[in-house]
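Visitor: The annotation transmembrane segment is assigned in TrEMBL to 6-25, 37-56, 87-106, 134-152, 164-185, 213-233.
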Amino acid sequence: MDAYLGEFVGTMILIILGAGAGASINLNKAYAKGQGWLYVAFAWGMAVAFGVYVAASFGAPGHLNPAFTIAAAISGMIKWSQVVGFIIAQMLGAFVGAAIVVIHFYPHFKASKSEAEGNTVGIFATKPAINSPVFNFLSEVIATFTFTYITFNLGNFTEGLKPFIVGFVIFAIGASLGSTTGYALNPARDWGPRFAYTVLPIPHKTAAHWEYAWVPMCGPIVGAAIAALLFNLQ
């Protein structure tokens with residue numbers, strides 16, 4: 001049970017820090033409004049690092065990511081019987097993390113009265129720079145494959161300073177491959193907060209764009225699975 005709680009809390013921390021950065025650069029009156037892409041990529045990298053540390057303190061594997069959990073099962077790192085429980089914990093943690101971000105930035109949501117003023121689902125979930133579903137899907141496959149394959153080759157990535165290495169991998173992928181889709185890499189990181197944006201009473205909220213949500217769900221799962229299969233050949 002501690003491992004499932006760890007995945008929940010670690011993913012919650014991931015979203016608090018990552019989506020918090022998204023809110024900071026988008027919403028009116030926030031001091032960081034207008035900061036650039038590298039600010040966001042670095043914030044998500046550190047969000048992953050600290051989320052992994054927190055999850056590992058509970059004895060969890062620190063996946064924080066359904067696609068990575070599935071890949072770990074393919075590679076025999078965890079039992080298949082654990083997969084559903086980990087994914088549920090990750091999704092719930094992502095939702096709660098997004099809800100905390102809404103509470104924290106509530107006055108700024110009230111001050112941001114349209115998408116043009118920064119009140120956008122992009123604070124919480126991904127959306128493509130150019131709407132091209134096939135290529136958006138391929139972008140997520142490639143980025144998640146790269147992340148998963150590198151991370152698998154780190155061995156136990158919860159040890160010592162390795163969570164920070166994982167965080168810098170996230171930053172590097174964001175800087176290099178992430179600007180096409182916002183690089184979900186993680187279905188929970190997208191779907192949990194997207195659902196929170198949909199159902200919570202956020203002032204002046206705009207469309208949640210569920211028509212796009214299959215991309216950050218399916219692309220990462222496919223990319224992570226390919227990475228696991230390649231890793232198994234080593």
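Each Cβ is built from the backbone N, Cα and C atoms, and glycine gets one as well.
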Visitor: Given pairs 6 or more apart, does the transmembrane segment (37-56) have at least three Cβ pairs under 8 Å with the transmembrane segment (213-233)?
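Guide: They do not touch: fewer than three Cβ pairs between the two stretches lie under 8 Å.
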Visitor: Mind pulling out the one from 6-25, 87-106, 164-185 with the most Cβ pairs under 8 angstroms to the transmembrane segment (134-152)?
Guide: 164-185
Visitor: Of the stretches 6-25, 164-185, 213-233, which racks up the most C-beta pairs under 8 Å with the transmembrane segment (87-106)?
Guide: 6-25
